[in-house]
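Colleague: One structure coming up, written as structure tokens, with questions to follow.
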Amino acid sequence: MKLTCVMIVAVLFLTTWTFVTADDSRYGLKNLFPKARHEMKNPEASKLNKRDGCSSGGTFCGIHPGLCCSEFCFLWCITFID
């Protein structure tokens, strides 16, 4: 009986937590389209073209190539010189 009550309380808590922390998506598409249109007019305004958080050559990256500016990662960022 106690285990059942604990499980019910846990499920209610997790369900409430999910709804409280969820983003408000009522106006999500309304705000998304003007930004996308602005980026189409000015491609340099796109956030995808920016590499602010990338690491230079010789920096430890683990196995995540997205962390390196050169996109080549084998434990350390690899930069090729032409």
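Glycine is no exception: its Cβ is also placed from the backbone N, Cα and C atoms.
Feature list, courtesy of Swiss-Prot:
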- 1-22: signal peptide (SIGNAL)
- Cys54-Cys69: disulfide bond (DISULFID)
- Cys61-Cys73: disulfide bond (DISULFID)
- Pro65: 4-hydroxyproline (MOD_RES)
- Cys68-Cys77: disulfide bond (DISULFID)
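So where do these features actually land, and what's packed around them?
Modeller: Reduced to three states, the DSSP call for Cys54 (disulfide bond) is coil. Neighbour density for Cys54 (disulfide bond): within 10 A of its CB lie 15 other CB atoms from the protein chains shown.
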Colleague: Please identify, from the disulfide-bonded residues Cys61, Cys68, Cys69, Cys77, the residue with the sparsest Cβ neighbourhood, meaning fewest other Cβ atoms within 10 angstroms.
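Modeller: Sparsest of the disulfide-bonded residues Cys61, Cys68, Cys69, Cys77 by Cβ contacts within 10 Å: Cys69.
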Colleague: Cα-Cα, whole number of Å: Cys68 (disulfide bond) versus Cys61 (disulfide bond)?
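Modeller: Computed Cα spacing between Cys68 (disulfide bond) and Cys61 (disulfide bond) is 7 Å.
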